[in-house]
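As structure tokens, the structure follows; a few thoughts come after it.
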Amino acid sequence: MKTFHHIQSVREALKQARLEGKTVGFVPTMGNLHDAHIALVRQAQSLVDVVIVSVFVNRLQFGLNEDWDKYPRTIEADSQKLAAVNCDFLFYPDEKEMYPNGMDAQTRVIVPSMADVLCGASRPGHFEGVTTVVSKLFNIVQPDIAVFGIKDYQQLAIIRRMVEDLCIPVDIVAGDIVREADGLAMSSRNSFITPQERPNANQLHRSLSWLREQILAGERNYPALETAAKARIKEAGFRPDYVSICNSKTLAPAASDDLNITLLGAMYTEGARLIDNLSLNLAGE
């Protein structure tokens with residue numbers, strides 16, 4: 001595996017790969033890689049000839065009181081994990097390489113409406129930071145495909161919208177959620193969960209699973225279901241941020257006759273903010 005720190009060197013390596021007729025897949029990450037990230041890499045490998053992974057802890061998508069400085073930097077372990085699965089390229093730029101004029105002067109990419117709801121409501125500016133850095137990475141790498149995990153469903157939907165609106169020639173591929181044995185979605189932020197909280201940290205997944213059961217049983221009073229699901233999270237000792245039943249494409253509140261819906265939620269533990277989601281196709285119901 002070759003590691004690059006500079007934009008020009010990445011472009012040269014990928015240009016050579018394309019001259020050899022190879023297709024390129026891209027997996028953007030913030031590092032601290034775990035099995036779910038590696039699953040995305042393997043998924044990309046099954047679809048293209050060459051896979052490049054980026055590791056960049058993007059300050060632009062962290063809020064004023066968020067954990068940018070605490071976010072785990074594990075580049076040596078990350079590099080070893082990627083090499084072990086025969087990843088072709090690792091792009092590991094620093095902030096000066098990505099934002100040479102400083103973040104305040106950086107041109108921003110904003111996806112209206114979708115970025116201000118759900119996680120965007122409690123993390124203002126977060127998705128603006130995501131779409132800005134991802135659009136920049138797409139321009140650097142120019143991949144044929146890019147793989148994003150479904151766990152960050154709102155991010156996935158926003159990236160799809162951005163690619164569609166800006167006519168970026170990349171296919172967005174969704175990677176399934178990888179879960180721990182008890183259903184907790186794998187996340188780099190799981191390392192912030194305290195040992196005391198960990199046995200019940202799957203409560204968000206359990207509440208969304210309960211929500212799914214109610215909907216499959218025919219219940220369509222979505223606001224009442226959302227309130228009940230949040231109550232279940234509170235009863236387990238955690239603080240819900242939101243539980244929302246949404247149209248899978250637009251992220252707008254789902255109508256009772258919507259056939260493709262996604263159940264999204266976020267909750268706070270003492271040390272972490274966790275997100276999860278489940279999607280339903282009600283066409284056969």
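For all residues, glycine too, the Cβ spot is worked out from N, Cα and C.
Swiss-Prot lists H37 with the feature active site, proton donor, giving sequence analysis as the kind of evidence. The ATP binding site annotation in Swiss-Prot covers 30-37, 149-152, V178, 186-189 and rests on sequence analysis. Among the features that Swiss-Prot reports, beta-alanine binding site is placed at Q61, with the record citing sequence analysis. Taken from Swiss-Prot, the feature (R)-pantoate binding site covers Q61, Q155.
Taking each Cβ in turn and tallying the other Cβ atoms within 10 Å, the top scorer among the binding-site residues M30, L33, A36, I150, V178 is L33. Here the binding-site residues are Q61, S188, and the one with the most other Cβ atoms within 10 Å of its Cβ is Q61.
Here the candidates are the binding-site residues M30, Q61, V178, S188, and by Cα distance the one nearest Q155 ((R)-pantoate binding site) turns out to be Q61.
Taking the Cα atom of each, Q61 (beta-alanine binding site) and I150 (ATP binding site) are about 18 angstrom apart. The candidate set comprises the recorded positions H37, Q155. Of these, H37 has the most other Cβ atoms within 10 Å. Under the DSSP three-state reduction, A36 (ATP binding site) is assigned to helix. If you measure from the Cα atom of M30 (ATP binding site) to that of the residue listed as 'active site, proton donor', you get 10 Å. Rounded to a whole number, the C-alpha distance linking H37 (active site, proton donor) with S188 (ATP binding site) is 10 angstrom.
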